[in-house]
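Scroll down for the structure; my scribbles are underneath it.
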Amino acid sequence: MTAFDYRQGELHAEEVALSAIARQYGTPCYVYSRQAIESAWKAWDNALRDVPHMVCFAVKANSNLAVLNLLARLGAGFDIVSGGELERVLAAGGDPSRVVFSGLGKTADEMHRALEVGIHCFNVESAPELERLQQVAAELGVQAPVSLRVNPDVDAGTHPYISTGLKENKFGIDIVSAPAVYRRAADLPNIRVVGVDCHIGSQLTDDAPFIDALQRLLALIDQLAADGIRVEHLDLGGGLGVTYRDEQPPAPGDYLRKVSDMVAGRNLTLLFEPGRSIVANAGVLLTRVNLLKPTEHKNFAIIDAAMNDLIRPALYSAWMGIDAVRPRSDDAALDWDIVGPVCETGDFLGKDRRLALAEGDLLAVRSAGAYGFVMSSNYNTRGRAAEVMVDGGTTHLVRRRETVSELFAGESLLPEA
Ligand code: LLP
């Protein structure tokens, strides 16, 4: 039984009927399952129990404070990419000494704050960033723990917008230049080299590119050791894919066993930065059919969620499952484009979905726990959706729906005349 299953003809989140959530909190609404997040987390953590490790949840995938707090209670570390994400982790009770800071455009202020709270490591993405960090650490009179994000030039074989490990991508330091940058880092007085890092892309459904990257990183670690530079940890980033439709990504346990075997005997702590594989299938976007608009060419089901709520289909042509919360008899099924009310042709959540629909029906967009709410916007002056966490038979509103007045509260009119 998964966290989102049909019981008595109706889709539930754990023990709660989604229609009850729609009634109480309205739609559109993100619904997360505590149990699903916890079990996905444990699949990672348990698989690594025999090796020194730290699993740093990629906050960008879902940064709701309740989600972060749940993970912090389980002992998670966090991978952040901005000062904003750092503040979220702290507000959620996360341990700063278990935080890694990724991202290629860290500002001096962000570095300052991260040093002040004592994060585990900066994943430095360029030589100029290293110099900047040296300067900020010197001003504070501390040493900054550093790992270089190396670009191993492997093809992750995923969507071009989320593939990051090729030479032509903007991320990381190419593996050929890395030894020189490490030597520079080792010479800087306020930098302490602690690790090697990479992240090659997202939604990988095959572990071969990870293994390829790992081999290249291990060769680099050996080369560094020969130069007298010893690293304590190896961070393989995130990127493990999930099933949206029929993809068959490796189970975390299988992937992690291969990695652990390859680093055995090396005295390295393993770090990972999974996002999607912890939360994607722990959430749905609950939405209601507002109007049905059958035409000669196409049938449109106009729902109350839109691309501003969930942009993955519009941005990456991502396919996300869409199911009726209370399925009707298939006799009346038609092919529907499931579209939002936003004034863009790209505003669809699914195309040609065979469903039996009536106005007012509830739909669940599946696998929406990762890169869902976090990528939402206020386009068309639409308030962002509510977020609800289900725990067994209980629901918690973990972010209330935005009101229209909040949307322009920071704006002002020009002075008169
Ligand atoms: N670490 C770094 C440095 C990253 O850039 C990312 C994701 C992760 C970890 C987490 O990767 P994951 O385990 O979630 O694959 N918005 C896109 C995905 C963008 C991923 C960006 N980086 C989507 O909706 O598919």
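Note that Cβ sites are derived from N, Cα and C of the backbone, with glycine treated the same way.
Remember, TrEMBL labels are computer predictions, not curated facts.
The feature domain 'Orn/DAP/Arg decarboxylase 2 C-terminal' is assigned by TrEMBL to 29-369. In the predicted model, residues of the domain 'Orn/DAP/Arg decarboxylase 2 C-terminal' (29-369) average a pLDDT of 96.
Sequence annotations record features per position, and here TrEMBL assigns domain 'Orn/DAP/Arg decarboxylase 2 N-terminal' to 35-280.
According to DSSP, LYS60 (N6-(pyridoxal phosphate)lysine) is assigned to a helical segment. As annotated by TrEMBL, N6-(pyridoxal phosphate)lysine applies to LYS60.
According to DSSP, GLU273 (pyridoxal 5'-phosphate binding site) is assigned to coil rather than to any helix or strand. What TrEMBL lists as pyridoxal 5'-phosphate binding site is GLY239, GLU273, PRO274, GLY275, ARG276, TYR371.
Around GLU344 (substrate binding site), a 10 Å sphere centred on its CB holds 14 further CB atoms from the protein chains shown. TrEMBL lists ARG276, ARG312, TYR316, GLU344, TYR371 with the feature substrate binding site.
Residues or ranges marked as active site, proton donor in TrEMBL: CYS343. Look at CYS343 (active site, proton donor): DSSP puts it in coil.
Ligand 1 lies under 6 Å from the Cβ of GLY275, out of the recorded positions GLY275, CYS343, GLU344. Summary: among the recorded positions (LYS60, ARG276), the fewest other C-beta atoms within 10 A of the C-beta are counted at LYS60. When the C-alpha distances from GLU273 (pyridoxal 5'-phosphate binding site) to the recorded positions LYS60, TYR316, CYS343 are tabulated, the minimum falls on LYS60. If you check the recorded positions LYS60, ARG312, TYR316, CYS343 against GLY275 (pyridoxal 5'-phosphate binding site), the ones with a Cα inside 10 Å of its Cα are LYS60.
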